[in-house]
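This report concerns only the one structure given below.
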């Protein structure tokens, strides 16, 4: 049996991701201790914790796991090279979503009998490599969520208040913007602060649900946002017109949730479980990541096609501007320019989101793919997160209904055109523009 004590050097019990891999050192003995191909190693693992140096260890998890042991011998297997070590691939061992204690004790035992741990060679040493979310990034990340959470929440409440003051019911685009604000608020909730008083092992799963809900709302919003500025007036404001696009987004989000539950859900009771522990699980996971990457790339390409159609449609509207009075022509030129700029920002945000999604999926598995290495800088992660918040706030602010009042000649107050109908940009960019 082997054991290792890991000390949590953080002075605060914030959520700090802990991921551990094993590196075996197997010595080469040409007679009776060679490593067989496709060998499976069985590990009896246990995890205990304590918060000081005098208390007894409290066992938290215990499990018997199997992992594939893949080792190569870098030189010819001759008697001259006997005693050299094999080069073994790292083995995923354990993932903790909450490192809430001061000291952790990891116990490892390799049981041996006629059927278990046969053909694994003579193991001389086991190295435990820990990967964690450092304190500096944790502080920046939680601080951003703490700042953005009330900001986006206040903007969403303000937007709903504006919608409730209208005499007409909200159109589809306005409802989708409100749903986008809710999903952004849900993503911003800094539940990590509560881990100061509670040990929550489901934090990682909850964060995956937060991101999944936001991805679904954001992808659906882009479909409807571009589509509503492209369709005829008679076809607008109908969710059924987007049933297959929205259905594909919901289906993809459901598959992502099932994939997360297959691993992160099991981690709630067994942090030693890994979907990468078997050849079948590895192939399924890699296939899923490849399919997910291809799907979001196709989504982005289709979104680019829709944006191109919207720009071409707006180009036809600009040809009608010379026939308008000068005041109206200048006003519509400004509206069209701002709308084109917003569409380009939307396209840039979509491109960065797709890149972030693919890198996020790949980076979760790079430790399991052996010689493949990928490093995502923390500035990129925080930058994408800040971009989402600024984009959602801009959409809420720009598409909030206006409530200015004009006085008519009789002195009666009447609401403006934008109070009773959708915003000007929304109305003039369809195939049949309204006056």
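Every residue gets a Cβ built from N, Cα and C, even glycine.
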Per TrEMBL record, range annotated transmembrane segment [choices 195-212, 213-230]: 213-230
Which of 140-160, 172-193, 213-230, 281-314 contacts the transmembrane segment (379-400) most, counting Cβ pairs under 8 Å: 140-160
Stretch contact, the transmembrane segment (281-314) with the transmembrane segment (213-230), Cβ-Cβ under 8 Å, 3+ pairs: yes
